[in-house]
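Visitor: Here it is, the structure, as C-alpha cells.
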Amino acid sequence: MTSEEMESITNVMEFEAVAREKLPKMVYDYYASGAEDQWTLHENRNAFSRILFRPRILVDVSNIDMTTTILGFKASMPIMVAPTAMQKMAHPAGELATARAASAAGTIMTLSSWATSSVEEVASTGPGTRFFQLYVYRDRNIVRQLVRRAENAGFKAIALTVDTPRLGRREADIKNRFTLPAHLTLRNFDGLDLGTVDRTNDSGLATYVADQVDRSLNWKDVKWLQSITTLPILVKGVLTAEDASLAVQAGAAGIIVSNHGARQLDYVPATIMALEEVVRAAQGRVPVFLDGGIRRGTDVFKALALGASGVFIGRPVVFALAAYGEAGVRKMLKMLHDELELTMALSGCRCIKEITRAHITAPWDAPHVSPRL
C-alpha cells in the first residue's frame, strides 16, 4: 500500500475496509466479529449517536492542552491502546509496530497476554509507558512468572481481564474453525507446556481457553494478585455499579468499563451506556476508563464528559496495523488526537479538566429547561 493511499484515508473507520481486503477471511473475522447475534457489537457504536453536545461558545480556544495523567503517568492525550491479541496475524511487525506507534504518539499501550510478541520484545522497542493485560491461568505459577516478567520488562500496571471465565460464542470463529497461523505462537508462553491454539471442530481459541483459563477466578484472586506484585491493578470488564464498588473494596487502582469488544456476553449494554453508573459508584476513589466502540474524537469527548479518565482503542489499532503497519497505527492515533482537539475547541474546552457533564445531554437525562430570561 502506498503512502498516497494512506493519505486518502480521512477517518478511522476507513482503515477497516482496507484491512478487510488485505487479511485472510479467518483473521479479519476474528478481529471484527462479536458474540452471538452481535447486538452489543453494533450497540457499542450506535449508543454514541444518542449522546448530543451542549457546546459553549465565545471561549478563547486558541490554546488547547490535551495532556493528562493516567495512574500518575503522563500521556499526550486520554486515548490509549487496548490489549488486542495476536497482532502478527494483522502485520508481520505486530505488537512491536503498535508499541512504537503508541510511544511516538506519547500514549500508553496495553499488551495482551495472548500477544504474538513477548513482553521482553515489546520492551526492546524503546521507551514508552506500557501496561500488561492478564488472563489468570489455572496454573498460578504461570501467572506469577508472567507478572514478574512484565515487571522486569518495565511495564507499569496490570489490566486484569475479569469477564472471560469462558470464551464468548463467536460464531464466525466457529464457522472458520479459527486457529493461530502455524508460523505464530503466543510468545509469552513459549517454552511452557500449555498447548496451542490449534484447529478443532470449534474455535481453536475457545478450546484453548476452556483448557487453560481459570473459571474459578473471583474477588479473592484480585487480593492474591496484589500479594504477588506491587504494580497497580486495573479491573477490566466492569459493567455495573455493584461490581465497581467491589473493585474499589478489593483494592483496584482503576476500573476499565468494558464488554470485551462485545465478544463475550451479547445483550449487555454498550460501554458508553454503562459508564456513568460505574463512575458514580466509584465516587472518585479510583479512575474509571472506557473501552469499546470509540471511532471518533467526538466519542472520546462524550466518554470524558460522562466521567471517564481516558479511553482504550482496540479494533482500530489492528485494522490500521493490517492496512499500513506502524505508519497506519500512527496515523489512526493522530486522527483521534486531532478530532478530540477539534471537538474540545468547538465545545469551548481548553483542557481535559474543562470537559464536564454539562457539555453533553444523554437519553436518560431529564429535559433541559432553560432559565427564563
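The backbone N, Cα and C atoms fix where each Cβ goes, and this holds for glycine too.
Because the structure is a prediction, the values reported are computed rather than measured.
Reproduced below are the annotations present in TrEMBL:
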type	residues	note
ACT_SITE	HIS260	active site, proton acceptor
BINDING	TYR30, TYR135, ARG170, HIS260, ARG263	glyoxylate binding site
BINDING	83-85, SER112, GLN133, THR161, LYS236, SER258, 291-295, 314-315	FMN binding site
DOMAIN	4-365	domain 'FMN hydroxy acid dehydrogenase'
TRANSMEM	303-325	transmembrane segment
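Can you walk me through where each of these features ends up in the structure?
Guide: Around the Cβ of HIS260 (active site, proton acceptor), the number of neighbouring Cβ atoms within 10 Å comes to 23.
The Cβ of ARG263 (glyoxylate binding site) lies under 8 Å from the Cβ of SER33, GLY34, ALA35, LEU41, GLY168, ARG170, each of these being in the same chain and 6 or more residues away along the sequence.
Here the Cβ of ALA85 (FMN binding site) has 20 other Cβ atoms within 10 Å, regardless of which shown protein chain they belong to.
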Visitor: What whole-number Å value do you get for the CA-CA distance of GLN133 (FMN binding site) and HIS260 (active site, proton acceptor)?
Guide: 12
Visitor: Between the Cα atoms of ARG295 (FMN binding site) and HIS260 (active site, proton acceptor), what distance do you get, rounded to the nearest Å?
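Guide: ARG295 (FMN binding site) and HIS260 (active site, proton acceptor) have their Cα atoms 16 Å apart.
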Visitor: Which whole-number value in Å describes the distance between the Cα atoms of TYR30 (glyoxylate binding site) and ARG315 (FMN binding site)?
Guide: 11
Visitor: Return only the integer: C-alpha distance in Å from GLY293 (FMN binding site) to TYR135 (glyoxylate binding site).
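Guide: GLY293 (FMN binding site) and TYR135 (glyoxylate binding site) have their Cα atoms 22 Å apart.
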